[in-house]
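If you look up TrEMBL, you'll see Leu12, Gln13, Gly14, Arg27, Thr91, Pro211 marked as substrate binding site. Sequence annotations record features per position, and here TrEMBL assigns [4Fe-4S] cluster binding site to Cys31, Cys46, Cys49. Sequence annotations record features per position, and here TrEMBL assigns S-adenosyl-L-methionine binding site to Phe48, Cys49, Asp50, Gly93, Ser134, Pro135, Lys136, Gln174, Pro175, Arg176, Asp177. Residues or ranges marked as Mg(2+) binding site in TrEMBL: Thr51. Residues or ranges marked as domain 'Radical SAM core' in TrEMBL: 18-211.
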Amino acid sequence: MSYAVKEIFLTLQGEGYFAGRTAVFCRFSGCNLWSGQEKDRATAICQFCDTDFVGMDGSGGGRFEDANSLAIAIEKHWGERDTSYRFVVFTGGEPLLQLDKSLIDVLKKKGFFIAVETNGTMLVPKGVDWICVSPKQGAALMQMHGDELKLVYPQEAMNPQKFESLSFKSFRLQPRDDEQRDKHLRQAIQYCQDHPKWYLSLQTHKLIGIP
Ligand SMILES: C[S@@+](CC[C@H](N)C(=O)[O-])C[C@H]1O[C@@H](n2cnc3c(N)ncnc32)[C@H](O)[C@@H]1O
Ligand SMILES: Nc1nc2[nH]cc(C(=O)O)c2c(=O)[nH]1
Ligand code: SF4
Ligand SMILES: [Mg+2]
């Protein structure tokens, strides 16, 4: 299978449990909940997306003809750093439209710890080491277990409580970043303080100005 990749870059994971850890991000092109075109945002299932995942024109992006060539590109972005900490985060767009067993297998052989950021509408293939699911209002949730459940907050008609019985190690609220970000931050703080099962997840890369 070939892979359409928007961009590949080395940064710190900004969100969730591994916030602060050096990671190669592989951002796949395309999503099943929005075309990525601004003209379609108001009619999309997911309307608050903060990411450009259209095309293959980002830094390190392109069409990769097979798993091996994409894994080599990811490995190059890790560079000469200590191989025992190799960490790749697959995101998008929706990474599960493309992430498959052959790519997972070749990265495992290279010693990568593999994380995925998904909207949860498709099942995660076997072999992924860290599953972060971020459910979206109006999209049926299929992946009901994992490591982190990271809910963008608030979303109309999405009471965090309805996810609490699912099988995740931690439950996080991530303030919705838009023109009302400060208000959403205060609401998320209040919700966590009132419901201590929930941890606040900040997008720390935005706070410190890295990708
Ligand atoms: C761009 S998405 C890509 C992965 C996948 N499609 C998903 O939605 O989980 C990466 C993460 O950013 C979150 N996110 C997207 N837009 C956001 C926003 N405006 N404010 C806060 N988090 C946002 C998503 O919920 C997800 O956890
Ligand atoms: N630094 C950094 N951390 C992130 N964690 C999740 C991200 C994403 O867009 O999936 C992201 C991102 O875009 N950058
Ligand atoms: S599901 Fe993820 S990538 Fe797709 S539009 Fe929503 S936040 Fe963006
Ligand atoms: Mg992002």
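Positions of Cβ are set from backbone N, Cα and C atoms, glycine also.
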Between Lys136 (S-adenosyl-L-methionine binding site) and Cys46 ([4Fe-4S] cluster binding site), what is the CA-CA distance rounded to a whole number of Å? 7
What is the average pLDDT across the domain 'Radical SAM core' (18-211)? 98
Counting other Cβ atoms within 10 Å of each Cβ, which of the binding-site residues Leu12, Cys49 scores lowest? Leu12
Around the Cβ of Thr91 (substrate binding site), other Cβ atoms within 10 Å, all chains included, total 21
Leu12, Cys31, Phe48, Cys49, Thr51, Asp177: which of these binding-site residues put a Cβ within less than 6 Å of any ligand 4 atom? Thr51
Using a 10 Å radius around its CB, how many other CB atoms surround Gln13 (substrate binding site)? 21
